[in-house]
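According to TrEMBL, the features are:
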{"type": "DOMAIN", "residues": "A:6-253", "note": "domain 'Endonuclease/exonuclease/phosphatase'"}
{"type": "BINDING", "residues": "A:ASN9, A:GLU36, A:ASP150, A:ASN152, A:ASP252, A:HIS253", "note": "Mg(2+) binding site"}
{"type": "ACT_SITE", "residues": "A:TYR107", "note": "active site"}
{"type": "ACT_SITE", "residues": "A:ASP150", "note": "active site, proton donor/acceptor"}
{"type": "SITE", "residues": "A:ASN152", "note": "site 'Transition state stabilizer'"}
{"type": "SITE", "residues": "A:ASP223", "note": "site 'Important for catalytic activity'"}
{"type": "ACT_SITE", "residues": "A:HIS253", "note": "active site, proton acceptor"}
{"type": "SITE", "residues": "A:HIS253", "note": "site 'Interaction with DNA substrate'"}
Amino acid sequence: MPFTLATWNINSVRLRETLVHKLLTEEAPDILCLQECKSPVEKIPLEGFAALGYPHMIARGQKGYNGVAILSKLPLEDAGGLDHVELGHARHVAARLENGVVIHNYYVPAGGDEPDREKNVKFGQKLDYLTQMRDAFRAERPEKAILVGDLNIAPREDDVWDHKKMLKIVSHTPTEVEHLTAAQEAGAWVDVTRKDIPEGPLYSWWSYRAKDWEAADRGRRLDHVWATPDIAGAAHSSRVLKAARGWEKPSDHVPVFATFDL
DNA sequence: ATGGTTGAAACTCAA
């Protein structure tokens with residue numbers, strides 16, 4: 001049974017409930033992974049999602065910040081949530097499908113503005129978070145798994161609007177890319193989006209601060225879909241829904257999709 | 001070098 005999955009940093013699931021409805025109605029992925037829900041789990045508006053055919057949800061939440069949720073047409077089993085770096089943040093949740101595939105949904109710390117762990121605690125926490133992801137994949141090599149989310153790093157030169165200008169900007173520093181790559185390699189994760197679309201910009205985030213985000217097009221690819229090698233070959237039809245950045249009261253991130261024939 | 005915008009929640013922090 002093929003299924004389509006989407007990942008979207010929604011930047012408040014309650015404020016943008018109707019945008020989630022729009023995505024579920026117009027694009028109808030089987031599974032939607034959300035980040036930055038900014039809500040306790042019990043305040044996520046489930047009724048509307050269920051009415052649109054998404055009765056299943058596995059989530060971790062907290063008041064005001066962070067928060068990750070997996071909405072699904074298909075039954076899900078809770079497969080845990082990790083608190084890397086012991087920040088007490090809701091940044092990871094995992095769910096198992098009936099076919100055994102595990103979906104990991106991550107919201108990696110943004111890391112603040114200064115890319116120096118001596119001056120900026122948050123940058124150190126981001127690097128440590130990625131190292132603990134690496135160590136978890138080393139301790140138990142994932143199989144039949146998909147990893148999605150806002151990883152808050154644009155790893156490749158063509159994942160940012162200007163590679164040279166971005167080298168000292170948090171999200172594209174060589175240190176961050178090394179840490180992300182180490183986590184990726186520890187799980188042998190395949191970058192599904194880049195497997196499907198090897199070349200060119202595929203931005204998933206544009207700042208709210210630009211006067212005209214579309215004209216400036218200073219985007220970054222921060223949102224990712226990875227899969228373990230045993231199922232990566234089943235992935236196809238990756239796409240980024242850039243139009244969602246132009247929706248009314250948009251998130252600063254747009255959904256990224258992939259389909260798996262499993 | 002600086003400021004630009006948004007959200008949650010509370011009179012400020014995080015992104």
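From the backbone N, Cα and C atoms, a Cβ is placed for every residue, glycine too.
In three-state terms derived from DSSP, A:HIS253 (Mg(2+) binding site) belongs to an extended strand segment. The recorded positions in question are A:GLU36, A:ASP223, A:ASP252, and the one with the fewest Cβ neighbours inside 10 Å is A:ASP252. If you draw a 10 Å sphere around the CB of A:ASP150 (Mg(2+) binding site), it holds 28 other CB atoms from the protein chains shown. Across the residues of the domain 'Endonuclease/exonuclease/phosphatase' (A:6-253), the predicted structure has a mean pLDDT of 97. Those residues of the chain, other than A:ASN9, A:GLU36, A:ASP150, A:ASN152, A:ASP252, A:HIS253, with a C-beta within 8 angstroms of the mean position of the Mg(2+) site C-beta atoms are A:ASN11, A:GLN35, A:TYR107, A:TRP205, A:LEU222, A:ASP223, A:SER251. Across the structure, A:ASP252 (Mg(2+) binding site) and A:TYR107 (active site) place their CA atoms 15 angstrom apart.
The number of other CB atoms found within 10 A of the CB of A:TYR107 (active site), across every protein chain shown, is 26.
Neighbour count (other Cβ atoms within 10 Å of the Cβ, all protein chains): 25 for A:ASN152 (Mg(2+) binding site).
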